[in-house]
Amino acid sequence: MTIKLIVGLANPGAEYAATRHNAGAWFVDLLAERLRAPLREEAKFFGYTSRVTLGGEDVRLLVPTTFMNLSGKAVAAMASFFRINPDEILVAHDELDLPLGVAKFKLGGGHGGHNGLKDIISKLGNNPNFHRLRIGIGHPGDKNKVVGFVLGKPPVSEQKLIDEAIDEAARCTEMWFTDGLTKATNRLHAFKAQ
């Protein structure tokens, strides 16, 4: 099993670019930069896309330009066009249930209230069995404050921790293709930015 599509979840537009909810897109942007494969808008996939080679494998990158709760439209369009199965997809997203400075790989599971994941599961035929990269953004402590929190911009001190976790996650994702998922997971899950 290899990953053929890496997706970074986000809301479109300048007003959302620096918000916590866009952490998944920050990850794919960094990966595209590291692999010198600039993302370009591609209307038929409802997002910015690029094609990279990782460990000799042909991999597509995608940042949907739909709103977060319609992310599945872009993912399903690309998966269908390139005949990519759910278990060949890695979706990077912001994760309230992980602390700042931490990122973790996970296969399958629920959506945990994340509207992007919810729509992807639905558009993949109610199939939750895709890989996720959960990027810790911390939790505001009160569930009534969650919407404002994820759509807010982290202060510089928090942004630094998120960026460091994303940087390590990019290295570990590349490692996944060369050394396997177990090794990459062990390294990523041992990391915590200080």
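Backbone N, Cα and C atoms are what each Cβ position is placed from, and that goes for glycine too.
For His21, the entry in Swiss-Prot reads active site, proton acceptor. Counting every protein chain shown, 22 other Cβ atoms lie within 10 Å of the Cβ of His21 (active site, proton acceptor). Mapped onto three states, the DSSP output places His21 (active site, proton acceptor) in helix.
Counting Cβ atoms from all protein chains shown, Phe67 (tRNA binding site) has 16 others lying within 10 Å of its own Cβ. Classification of Phe67 (tRNA binding site) by DSSP places it in coil, neither helical nor stranded. According to Swiss-Prot, the tRNA binding site annotation covers Tyr16, Phe67, Asn69, Asn115, on the basis of sequence analysis.
Just so you know, the Cβ of Asn11 (site 'Discriminates between blocked and unblocked aminoacyl-tRNA') picks up 21 other Cβ atoms within 10 Å once every protein chain is counted. Taken from Swiss-Prot, the feature site 'Discriminates between blocked and unblocked aminoacyl-tRNA' covers Asn11.
The local packing around Asp94 (site 'Stabilizes the basic form of H active site to accept a proton'), expressed as other Cβ atoms within 10 Å of its Cβ over all shown chains, amounts to 27. Summarising the annotation, Swiss-Prot assigns site 'Stabilizes the basic form of H active site to accept a proton' to Asp94.
Its Cβ placed at the centre, Tyr16 (tRNA binding site) has 17 other Cβ atoms within 10 Å.
Of all residue pairs in the tRNA-binding list (Tyr16, Phe67, Asn69, Asn115), the one with the greatest Cα separation is 15 Å apart. With all protein chains in the displayed structure included, the most crowded Cβ environment within 10 Å among the binding-site residues Asn69, Asn115 is that of Asn115. According to DSSP, Asn11 (site 'Discriminates between blocked and unblocked aminoacyl-tRNA') sits in a coil region rather than a helix or strand.
Candidate recorded positions: Asn69, Asp94, Asn115. Nearest to Asn11 (site 'Discriminates between blocked and unblocked aminoacyl-tRNA') by Cα distance: Asn69.
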